[in-house]
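**Q** Reproduced below are the annotations present in TrEMBL:
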type	residues	note
TRANSMEM	53-72	transmembrane segment
TRANSMEM	79-98	transmembrane segment
TRANSMEM	167-185	transmembrane segment
TRANSMEM	191-215	transmembrane segment
TRANSMEM	268-293	transmembrane segment
TRANSMEM	387-408	transmembrane segment
TRANSMEM	428-446	transmembrane segment
TRANSMEM	452-469	transmembrane segment
Amino acid sequence: MKTPTPPQNQPYNFNTTEPVTMQQTSSKLPNMPQELSITTTTTTTTVTNTKKLTLIPLIFLIYFEVAGGPYGEEPAVQAAGPLLTIIGFLVFPFIWSIPEALVTAELSTAYPGNGGFVIWVERAFGPFWGSLMGTWKFLSSVINIAAFPVLCIDYMKQIIPAIESGLPRYLALLCSTLGLSFLNYTGLTIVGYTSVVLAVVSLLPFIFMCLIALPKIKPHRWLSLKHKGVKKDWNLFFNTLFWNLNFWDNVSTFAGEVDQPQKTLPRALFITVIFTCLAYVFPLLAVIGALSVEPSDWGAGFMAQAAELIAGKWLKIFLEVGAMLAAIGPFEAQLSSSAFQLLGMADIGSLPQFFGLRSKWFNTPWVGILLSTSISLGVSYMNFTDIISSANFLYSLSMLLEFASFVWLRRKFPRLKRPYRVPMRLPLLVVMCLIPCGFLAVIMAIATKKVYLVSGIMTVAGIGWYYLMKFCKSRKWFQFNTGGEVVVEENDHERVAGHLLQIDTF
């Protein structure tokens, strides 16, 4: 079979629309880290001309990867009271969000191909750990995806009571999931601009609520520590902060679809960190300052009740509609991330080649979208509270590995050109990573035995999957991309990055 490979001393560039003619070579590329030696064969290929993601839609895609609105922050107040929640949402971005965003910015621009964190770990520690990273991230992501159609239906049932239970609810879940997945199939650019519209509409009721609440705010309420007769629930508190401010690295899985990723990704991450934090803190300050309520009243969905108390029933309805729309955004963003992760893993040979197949009409990874949708559909019909906790546990494991990869790559390849470079020396980078790692250790330590069991089973399954793929290669059952390294060529004028591919039938 003919295979895409690079001409001598020139890497294949997946971020261009020009035809590339390949020549046979087996040499190391000049001006590159020496770990990137490759053996290739001969073919000619053309990359489909597709529209790349620009800054504005990318900002809102990242926003929905991470947040989707202030709708999920209420349990933190219920768990620890007003003051600690305000402090948490002000401080936690510096402990977690900013370090994760900085790591993502540096590594995504150094290796701007689809696959993201899987590529980083594979380059740092080898294919076994890269594959395990892919398993942890993929499972945690698709389980999270399942929650959003459920949330959407839960808000819709306020308007259409018939879908509250039974067959109508199952059909509503099926139709909403398939419909949202088809939107994802139409392409990242459409998903990106849809995210812009969803973000504006879902945040408008909070803007109105903050403005109307201004004359009613009493700042002393922000300082309240009262939590009458209720023991603080630190597990719920920290998990709520974590849930609302993680997944910054998901954007890395479709870095290859971004226009000028070396410039666009760091700018988008920086803007989104600020935007997301403000979107959480301002409504929190407005509601706490304007209303005198006990922390025990701050259950899930309390923001809608607060809107009615502050401005009337019209704002409550507006906020509920916004919440329903806000549930769509994270579904689209995280489904895109999961699908492009599988495509990236196929590019580097961790998965069979067919996982990287793209649609002829939209150039989207239809196999990844189909597989992610199928798994999330299966999970959406289950009571998955413990599975969600297990997904968070797996995500914590993957982030420990990601921070370790970041530090190791900086130490191992200090001269690798990084268009964005975190402005710290190695000792300070270690400290920067140890702080969020300490938080991850706390999250994992307070997990239940059931979470440990489910997470352990998923991890063992991930290890088994790696060896299954290795066995499939040895038996020549599937086609894999071999030599699928993300490579870097550096010179005085430009930096070209992409995947070098050699497709063989094992």
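Using the three backbone atoms N, Cα and C, a Cβ is placed for every residue, glycine included.
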**Q** Per the 3+ Cβ pairs under 8 Å rule, pairs at least 6 apart in sequence, do the transmembrane segment (428-446) and the transmembrane segment (79-98) touch?
**A** yes
**Q** Are there at least 3 C-beta pairs under 8 angstroms linking the transmembrane segment (53-72) and the transmembrane segment (191-215), leaving out pairs fewer than 6 apart in sequence?
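**A** They are in contact.
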**Q** What parts of the chain pack near the transmembrane segment (268-293), using Cβ distances under 8 Å and only residues at least 6 beyond its ends?
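**A** Result: 55, 58-59, 62-63, 66-67, 69-70, 73, 77, 82, 85-86, 89-90, 93, 97-98, 101, 104-105, 203, 206, 209-210, 213-214, 216-219, 221-222, 224, 244-245, 248, 251, 303, 306, 309-310.
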**Q** Under an 8 Å Cβ to Cβ limit, what residues of the same chain, 6 or more beyond the ends of the transmembrane segment (167-185), are close to it?
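**A** Same-chain contacts beyond the flanks: 149-150, 152-153, 156-157, 191, 194, 328, 331-332, 335-336, 339, 359, 362, 364, 366, 369, 373, 376-377, 380-381.
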